């Protein structure tokens with residue numbers, strides 16, 4: 001279907017940036033532009049959902065640069081996942097940013113909001129890119145417009161962090177990404193995304209294709225696969241709304257989205273499997289998952305801990321793709337949304353704590369949960385999602401990744417997922433324990449209160465994390481009935497026979513959830529155990545029972561989506 005709506009979705013954010021610059025002197029009007037534009041963008045993106053849910057695409061070709069290279073937009077299933085998440089979270093991020101920037105009386109707010117809007121235009125443009133050339137254009141634009149956001153404070157720490165940010169992202173692009181692009185065009189004579197893979201059956205040696213593949217993997221440095229991850233913790237010098245943008249909405253999701261495009265529509269699943277690239281990448285991202293989690297454990301600065309958590313969580317998405325199992329692929333794609341909702345909540349909470357108390361380090365947050373109950377309550381909910389405890393969004397994606405590992409016969413990666421969840425619990429739960437159960441110090445007894453424009457968005461995103469965990473399968477269908485949310489995504493991978501849920505995996509995960517709930521608090525929160533013995537296990541068991549009950553009510557067994565759920 002030919003339509004201007006993909007272009008209009010991008011243009012709304014671009015025009016919003018111009019309006020923000022024009023309204024520089026009228027602060028209230030300037031601040032109102034971002035939420036209004038965000039709602040408009042979300043409405044335009046959602047308006048394309050009926051066509052995509054029906055298995056179609058919405059596209060617009062703008063102009064040709066060279067034979068086989070043109071600037072074109074196309075809304076398909078994979079792009080709609082990224083675009084919908086980005087545009088939805090821009091709404092809450094816009095409201096949060098207003099409260100944050102006003103409360104701290106930040107300078108250069110016009111530049112901040114203009115760059116913020118432009119970054120969302122680039123993110124949605126990348127989501128709707130119809131070929132590699134268009135995708136790389138929006139990828140580079142996103143790098144450039146987020147650079148001023150990273151050095152927003154304009155101090156020495158900001159300049160140092162922003163330099164590393166630019167060197168990693170732009171350096172990787174110039175050194176290997178452009179080379180991969182040129183080689184792809186030389187091999188295939190085109191840069192279009194093709195179902196099944198542009199390079200499938202290409203007349204090229206396995207060595208050349210392997211080199212091109214890894215050039216893409218490391219060239220898209222926003223995916224933060226080690227060793228191309230160091231820019232991400234360095235970018236934490238930016239204001240918290242920027243950190244949320246970098247880690248949850250636009251930048252890192254653009255990175256993993258580009259990697260997914262390369263795997264699915266440039267190389268193709270069959271080619272990745274035949275060349276052994278899936279296994280090699282799976283081991284690499286598994287190393288990233290575990291090492292980044294270990295780094296997170298050592299960080300006392302809350303934003304730094306969240307940054308390394310992001311490095312780890314992004315590799316879940318790539319792992320889902322390279323396991324080459326349909327269930328794992330679905331889990332990886334679902335994790336785009338699950339991680340976005342949960343991680344933006346965590347960063348919003350970090351910003352709320354800083355706005356209210358000026359605290360950055362976890363060790364300084366003793367008892368702050370009593371003074372900021374909404375903030376720390378939302379933090380706890382989002383932490384559970386990151387760990388993968390039901391009924392939260394993170395459980396859904398991790399369950400599919402676990403099933404996909406079993407389906408692919410790769411039990412080692414199932415062990416990686418389980419170990420990572422235990423590590424997540426080890427570095428997230430002590431934050432909530434410190435906030436709610438440690439005694440307040442004299443310094444922490446200073447007057448602290450919730451800021452409405454900051455607290456409301458973080459509560460909203462925490463609720464989204466829970467709702468996605470309880471109702472992961474359905475969205476309203478325009479014909480009045482419900483269709484599975486990810487049916488068109490599954491359709492992209494072809495008519496595959498899915499493995500049934502393995503009973504032993506179900507019981508194994510239940511046992512590990514309860515075991516982790518016992519062991520992690522005992523290692524990191526002895527005080528809590530003395531006061532409320534056994535509460536984590538009770539929560540873990542109760543939440544599993546709730547998940548099973550809700551799934552039964554919806555006509556599904558926990559973690560199982562039957563073949564008839566995808567095909568009429």
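Yeah, the Cβs are placed from backbone N, Cα and C, and that goes for glycine too.
These features come from TrEMBL:
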type	residues	note
DOMAIN	69-113	domain 'NADH-Ubiquinone oxidoreductase (complex I) chain 5 N-terminal'
DOMAIN	129-423	domain 'NADH:quinone oxidoreductase/Mrp antiporter transmembrane'
TRANSMEM	6-24	transmembrane segment
TRANSMEM	36-58	transmembrane segment
TRANSMEM	112-130	transmembrane segment
TRANSMEM	136-153	transmembrane segment
TRANSMEM	165-188	transmembrane segment
TRANSMEM	208-232	transmembrane segment
TRANSMEM	276-297	transmembrane segment
TRANSMEM	317-338	transmembrane segment
TRANSMEM	378-401	transmembrane segment
TRANSMEM	453-475	transmembrane segment
TRANSMEM	505-525	transmembrane segment
TRANSMEM	537-555	transmembrane segment
Spatial neighbours of the transmembrane segment (317-338) far in sequence, C-beta under 8 Å, 6+ residues away: 78, 81-82, 85, 223, 225, 253, 256-257, 259-260, 263-264, 269, 272-273, 277-279, 281-282, 285-286, 289, 385, 393-394, 396-405, 407-408, 410, 413, 416, 465, 468, 472, 486, 489-490, 493, 496, 498-499
Integer mean pLDDT for the domain 'NADH-Ubiquinone oxidoreductase (complex I) chain 5 N-terminal' (69-113): 88
Residue distribution over DSSP helix, strand and coil in the domain 'NADH-Ubiquinone oxidoreductase (complex I) chain 5 N-terminal' (69-113): 32 helix, 7 strand, 6 coil
Ranked first among 6-24, 165-188, 208-232, 378-401 for CB pairs under 8 angstroms with the transmembrane segment (276-297): 208-232
Close approaches to the transmembrane segment (208-232) from elsewhere in its chain (Cβ under 8 angstroms; 6 or more beyond its ends): 139, 142-143, 164-165, 167-169, 172-173, 175-180, 183-184, 187, 199, 202, 246-247, 251-252, 254-256, 258-259, 262, 266-267, 271-272, 275, 277, 281, 284-285, 287-288, 291-292, 307, 310-311, 314-315, 318
Cβ contacts under 8 Å made by the transmembrane segment (6-24) with residues that lie 6+ beyond its boundaries: 30, 33-34, 36-37, 40-41, 44-45, 48, 58-60, 62, 73-75, 83, 87, 90, 110, 113-115, 117-118, 120-121, 124-125, 128
